[in-house]
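Pulled from TrEMBL:
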{"type": "TRANSMEM", "residues": "12-29", "note": "transmembrane segment"}
{"type": "DOMAIN", "residues": "14-146", "note": "domain 'VanZ-like'"}
{"type": "TRANSMEM", "residues": "78-96", "note": "transmembrane segment"}
{"type": "TRANSMEM", "residues": "103-125", "note": "transmembrane segment"}
{"type": "TRANSMEM", "residues": "131-148", "note": "transmembrane segment"}
Amino acid sequence: MFNKKNSFNKKKLFWIYIIILFVFIAVKFKGSFYELVDRINSIKSNREEGIWNINMVPFRTMKPYLTNFFSMFAFKNILGNILPFIPFGFLLPIAYNKNFFQVLLISFIGIIFIEIFQLITMLGYCDIDDIILNLIGCMIGYGIFCCYQHCIRKEIY
């Protein structure tokens, strides 16, 4: 009985995290609906001028950040795309007992969903560089999970 309840709590924690991630990353909600409307109007205006909110060239948006990594904007952008996804890579295998390739695939599909959502709703930019950085975050999370599992096994034996 304890295992079922424990498993339920892990899954519940994972889905609470997913909802929070979606609200703050996909919708980019920062407390103001006016900001959301402004962002949509800005992207809509760009589209009318033929400028779409999409980048499919790897490292195009990252390249300036990598050459000037220690600028606050670059630092915030890179870490802002990696850090929020670390819990995904950590919590997914805990909640659903997934291996590396399953975590990688589910992470990739989830991130693609977020990027397509942003493209369609005009709430953000669909950017291959975001996909790359988000996946790095997930894999860091999975690495932390592996270290955690190793420490638990060491403690048991």
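Glycine too: its Cβ is placed from the backbone N, Cα and C atoms.
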Inset, instruction - Could you tell me what the rest of the chain brings near the transmembrane segment (103-125), counting residues at least six beyond its ends with Cβ under 8 Å? - result: 22, 25-28, 36, 39-40, 43-44, 47, 53-55, 85, 88-89, 92-93, 131, 134-135, 138-139, 142
Legend entry - Same-chain residues at least 6 beyond the ends of the transmembrane segment (12-29) whose Cβ lies under 8 Å from its Cβ atoms: 36, 39, 84-85, 87-88, 91-92, 94-96, 114, 117-118, 123-124
Legend entry - Taken over the domain 'VanZ-like' (14-146), the model's mean pLDDT: 92
Legend entry - Helix, strand and coil totals (DSSP H, G, I; E, B; other) for the domain 'VanZ-like' (14-146): 100 helix, 4 strand, 29 coil
